[in-house]
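Notes to accompany the following structure.
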Protein chains: 2
Amino acid sequence: MSSSVSPLAPKSFEELPQIEGVNFATASAGIKYKGRTDVLLAIMQEGTTVAGVFTKSKCSSAPVDWCKQRIGNGKASALLVNSGNANAFTGKKGAAAVELSADIVAKALGCPEDEVFLASTGVIGEPLPAEKFSGVIDALKDAQGTASWLEAAKAIMTTDTFPKVSSASIDLDGQTVTINGIAKGAGMIAPDMATMLSFIYTDVPVAAPVLQAVLSGQVDGSFNAITVDSDTSTSDTVLLFATGAAASRGVEPINAETDPRIVVVRAALADVMVDLAHQIVRDGEGARKFVEVSVEGAESDGSARKIAMAIANSPLVKTAVAGEDANWGRVVMAVGKAGEPADRDRLAIWFGDVRVAVDGERDPDYSEAAASAVMKEEEIRLRVDLGLGLGTATVWTCDLTKEYVAINGDYRS
Amino acid sequence: MSSSVSPLAPKSFEELPQIEGVNFATASAGIKYKGRTDVLLAIMQEGTTVAGVFTKSKCSSAPVDWCKQRIGNGKASALLVNSGNANAFTGKKGAAAVELSADIVAKALGCPEDEVFLASTGVIGEPLPAEKFSGVIDALKDAQGTASWLEAAKAIMTTDTFPKVSSASIDLDGQTVTINGIAKGAGMIAPDMATMLSFIYTDVPVAAPVLQAVLSGQVDGSFNAITVDSDTSTSDTVLLFATGAAASRGVEPINAETDPRIVVVRAALADVMVDLAHQIVRDGEGARKFVEVSVEGAESDGSARKIAMAIANSPLVKTAVAGEDANWGRVVMAVGKAGEPADRDRLAIWFGDVRVAVDGERDPDYSEAAASAVMKEEEIRLRVDLGLGLGTATVWTCDLTKEYVAINGDYRS
């Protein structure tokens with residue numbers, strides 16, 4: 001496995017501003033990894049609301065089951081995340097492990113078990129030694145507030161080569177409020193948020209049902225619009241917590257979706273979620289190129305999205321990008337296999353600003369040199385116009401390299 | 001690009017028996033390749049019937065369009081196939097090229113244009129220089145009968161590392177009759193017969209509608225049950241020709257699907273088609289392992305098939321196989337992402353004869369050594385029991401190696 005940082009990683013990592021009402025601590029419980037942190041405990045102030053979106057996998061992990069059963073309550077006191085073991089496909093042992101984990105946290109913090117949210121990421125099928133949390137819980141409680149956002153993001157990494165953080169600040173009721181997020185994910189990334197975890201916090205007071213609506217509305221355009229390898233994980237989890245701490249500075253609670261202030265909150269949340277989603281693609285296993293696939297002129301947005309995903313998931317398109325080969329024929333192939341309405345003879349394709357195909361054949365002005373120059377860039381925009389209707393979609397992916405195969409051919413062993 | 005023969009290739013290539021009523025010739029037209037044959041002309045006796053199955057791609061190639069428009073007539077006099085250029089996504093030039101190709105063959109042989117079938121395989125988007133066929137057509141006509149089945153199979157290869165042939169003989173009305181097939185395909189292989197061509201001949205006299213019914217019935221279990229990379233080509237074509245020459249030896253024509261002799265014909269055809277399909281997977285780009293994925297206990301056969309394909313198409317499963325890693329957690333992941341009915345806690349998984357998971361968790365008797373030994377084999381059987389119903393499906397794939405990425409990263413350039 002390569003241990004070098006992805007060439008597509010951000011050039012620098014800035015510390016995020018504080019979010020009042022939540023504190024982090026990290027620890028090394030030795031779940032799987034040695035010499036690094038592998039547990040994150042976040043403690044939230046009373047009244048914190050929570051919303052969540054989870055994997056659609058039929059084989060979801062034990063912590064996903066735990067969270068799904070409690071997300072409807074809308075209340076959160078703590079979040080415990082471990083890396084190195086996904087506690088997925090672990091049967092009754094898995095269910096027992098989440099119960100023990102929540103019990104350990106609830107007892108230490110004096111909060112209801114149902115307000116403890118859990119997430120695990122790592123190997124599937126190995127029993128999670130949840131008793132190891134007992135050994136670190138007091139230290140985690142005592143150390144609360146000592147871990148930065150960047151340190152929190154580091155503790156939840158698995159095959160990630162860099163920690164993923166993002167932040168947006170907006171003005172609300174004359175006060176500066178903030179949305180911070182962390183994420184992990186590098187492989188098994190596909191729509192429905194394959195192996196990815198993301199935890200997002202805001203100090204804005206938002207009622208749980210509104211928080212859920214806002215989160216659910218932003219998932220399709222961010223975490224569900226990325227794909228590394230079309231594989232969907234058992235553990236995908238996005239949790240959005242609102243501590244409500246800004247209320248003490250005069251920010252009025254948002255209790256309804258009709259609140260006009262929701263527009264700016266939603267926009268800031270979208271910025272953070274799209275940024276984190278992009279970072280996951282930029283850390284795609286073995287990735288050397290960041291690819292934006294835009295489809296327009298489809299019969300509907302849904303149809304455009306299916307075609308965009310067919311392109312973004314095609315191993316032949318992704319290997320061509322890796323080879324810096326302007327092989328637009330493979331884009332035609334991917335459009336054709338999507339099974340969505342398409343008229344071969346109206347199709348136009350661009351690599352960057354270079355139109356390579358139009359009216360169902362190679363562009364008469366096609367320049368191999370110009371197209372090849374685009375392919376040498378680190379970020380590549382690939383655009384398809386179907387010429388049928390007004391449907392559009394944009395998704396993001398990375399190239400498929402030998403390094404991807406190397407990383408995944410000996411991950412477990 | 002690697003030029004070495006796949007390690008999964010058959011150890012020897014046997015010449016096939018003759019099929020009376022069809023003759024082959026091959027030539028080097030210089031479409032793209034140098035120093036090898038790239039055109040195959042088959043001339044069939046009068047009365048030859050034909051059936052076909054084609055790609056479901058919305059961006060099908062010009063020769064696919066040509067064949068689709070004529071397959072309903074059920075009559076065939078000639079088949080012209082070229083390698084090196086797919087004549088796909090070539091707009092009006094592509095349509096003109098197939099018309100010119102058919103015209104050249106029809107004039108030389110004195111047959112109707114509508115009885116000339118065409119197939120092209122190779123690069124997408126480059127105009128096909130059909131006029132080059134003029135320069136070789138007379139030589140092809142004069143040489144008819146000089147090319148063997150193996151030589152015919154070689155002329156249609158692209159990234160294939162070995163020619164694909166298969167044969168079955170059966171007894172019908174006291175006579176030995178034969179089914180011979182050739183195929184090409186190595187990448188862009190997926191359900192709906194991604195870049196693959198196969199041409200199958202029999203001397204049994206079969207009426208065209210019956211021939212079509214028999215062919216259509218065998219596709220799901222053979223060419224549509226294989227996947228190399230989940231990519232579907234614009235050019236997939238399977239044509240089945242019945243020369244009817246065995247009629248002169250007293251074999252009665254099969255004119256209805258109710259003819260009891262159809263059972264043995266169908267079984268022999270299935271043998272040839274499954275054998276050719278397996279050979280395509282064995283030549284999967286970069287393949288080092290042949291993988292059979294069987295799903296049982298699904299709610300329906302269709303559901304079993306979707307789950308089997310989700311496993312067979314998963315890059316994470318395929319890279320694990322490449323790495324000889326008994327990573328059954330990725331099989332769980334693939335079952336989960338298929339979106340079909342599945343109960344995590346009833347799932348059982350076998351690698352070869354080693355049960356690795358049962359009742360939703362690792363098998364209590366799991367032996368890493370035993371599972372690892374299975375993964376070192378060249379042929380790997382992967383079996384999943386969903387424990388829900390009676391639905392079953394079997395599909396075949398290969399592993400995903402660095403060589404696949406290398407082959408497809410610089411195929412065109």
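Cβ from N, Cα, C; glycine included.
Predicted automatically and left uncurated, TrEMBL annotations should be read as such.
Residues annotated as substrate binding site in TrEMBL: A:Thr158, A:Lys184, A:Thr195, A:Glu285, A:Asn408, A:Ser413. Positions annotated as active site, nucleophile by TrEMBL: A:Thr195.
Candidate binding-site residues: A:Thr158, A:Lys184, A:Glu285, A:Asn408. Fewest other C-beta atoms within 10 angstroms, A:Thr158. Secondary structure from DSSP puts A:Lys184 (substrate binding site) in a beta strand. In this structure, A:Glu285 (substrate binding site) belongs to neither helix nor strand by DSSP; it is coil. Classification of A:Thr158 (substrate binding site) by DSSP places it in coil, neither helical nor stranded. DSSP assigns A:Asn408 (substrate binding site) to a helix in the three-state reduction.
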